[in-house]
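Quick one: this structure, given as structure tokens, is what I'll be asking you about.
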Amino acid sequence: MSRFDEKKQLKCSFCGKSQDQVRRLIAGPNVYICDECIELCQEIIQEEFDESIDLDLMDLPKPSEIKDILDQYVIGQEKAKKALAVAVYNHYKRINVEDVKSGDVELQKSNILMLGPTGSGKTLLAQTLAKIINVPFAIADATSLTEAGYVGEDVENILLKLIQAADYDIERAEKGIIYIDEVDKIARKSENPSITRDVSGEGVQQALLKILEGTVASVPPQGGRKHPHQEFIQIDTTNILFIVGGAFDGIDSIIQKRTSKKSMGFGAEIESKQVLDLGSLLKQIQPEDLLKFGLIPEFVGRLPVVVTLEQLDEEALIKILTEPKNALTKQYKRLFEIDGVHLEIEEEALRLIAKKAIERKTGARGLRGIVEGIMMDTMYEIPSRDDIEKVIITAEAITENKEPKILLKEDVKPKLDKKENEESVS
């Protein structure tokens, strides 16, 4: 019930202050609330919300649970998934410890370096990890970054993407994950330091060092370059997990050169020319190989966890097409269902799609492009027609560039009626 004094003056139903004592009085059905009580309620709700976030972080899934969820989205890469699950679990366990400097032991951050061929699942793994832990996630492309003062993006813009992903909640952003892709493209052009300035290579590596290790960075709220007269967002990167990834084309020859036996003289063994696949070579990677490739020692030192991904074979690509929760075939079947059409893809067609992706050396990333190309004309036609019952992707659609097989409702219905009659007779 609304509250009045003797002079019929309006009062807040919660604190009893009169209309003259507050800035604003908001009316409801027979009740009033002042701006001060609204602010107090907001503070109480925010405190409860912050506590719930802390509780969520304390309920961190175990490495085996993280891997089980990764298995639902990412096919193969068993060792990589285990290594990532352990690294992410340890990182957030470190954050959850109330006093990380208890005693003489300081728990330091372990950022992750992921190496693997194009389309092997680096980005998908990082995205899925962020979903599992329920933290803000941002992807940045290392090729667009340049050293401060040059044309291109400053490294602080990476942090802005994370802040935006957290809806400008700085506290949440400070516990997020940033994935920096194409990090191999910022390798310096030669192993020896150059006299000329390498603003998109070594310069970017130098600029990334501080935020990788942990610092309070000043981020321009609108992005772009910094200038002296603007306000900055302050963000502490100490608890942000950085995952950097790249294909590192050519590093296999560096590893092969280091691991192959060499000797001289008449009794010398001939240099072993054992041909190993890319995945097997990457498993033998050492920090010295990364230095030879063009990463600077300080940068390598800030990425203690190295995870290698294998090249996806035909069987793995077929599984990627059919098995994950968001598998490509499931996505297209759903798209066709919306238009009232059933989609079927023959086993041999799936195998040929996988082979084509291997030939193009695009890995899992190239699968969508191949499938899209096969079905483009059919998907263009279906919404304009209501007589199509089923579309079948055959092997000929891939090998001979034929159109997928279309079954009309008038052809399918008589067969179904005949089958039902036979079953009823028997």
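Cβ coordinates are placed from backbone N, Cα and C, and glycine is handled just like the others.
Checked Swiss-Prot, it gives:
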- 1-53: domain 'ClpX-type ZB' (DOMAIN)
- CYS12, CYS15, CYS34, CYS37: Zn(2+) binding site (BINDING)
- PRO117, THR118, GLY119, SER120, GLY121, LYS122, THR123, LEU124: ATP binding site (BINDING)
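For each feature listed, report its degree of burial, its nearest neighbours and the pertinent distances within the displayed model.
Confidence over the domain 'ClpX-type ZB' (1-53), given as mean pLDDT on the 0 to 100 scale, stands at 77.
Secondary structure from DSSP puts CYS15 (Zn(2+) binding site) in coil. Of all Cβ atoms in the shown protein chains, 13 besides its own fall within 10 Å of the Cβ of CYS15 (Zn(2+) binding site).
Counting only same-chain residues at least 6 apart in sequence, those with a Cβ under 8 Å from the Cβ of GLY119 (ATP binding site) are LEU312, ALA357, THR362, GLY363, ALA364, ARG365, GLY366. Under the three-state DSSP scheme, GLY119 (ATP binding site) falls in the coil class.
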Using only C-alpha positions, which one of PRO117, SER120, GLY121 is spatially nearest CYS12 (Zn(2+) binding site)? These are the binding-site residues in the record.
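For CYS12 (Zn(2+) binding site), the closest Cα among PRO117, SER120, GLY121 is found at GLY121.
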Taking the Cβ of LEU124 (ATP binding site) as the centre, count every other Cβ atom within 10 Å, in any protein chain shown.
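For LEU124 (ATP binding site), the 10 Å Cβ neighbour count is 20.
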How big is the gap, in Å, between the Cα of CYS37 (Zn(2+) binding site) and that of THR123 (ATP binding site), rounded to a whole number?
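So the alpha carbons of CYS37 (Zn(2+) binding site) and THR123 (ATP binding site) sit roughly 46 Å from each other.
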THR123 (ATP binding site) to CYS15 (Zn(2+) binding site): how many Å between their Cα atoms?
53
Given the recorded Zn(2+) site (CYS12, CYS15, CYS34, CYS37), which additional residues of the same chain have their Cβ within 8 Å of the Cβ centre, ordered by sequence?
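Surrounding the site, in chain order, are SER13, PHE14, GLY16, LYS17, VAL22, LEU25, TYR32, ILE33, ASP35, GLU36, ILE38.
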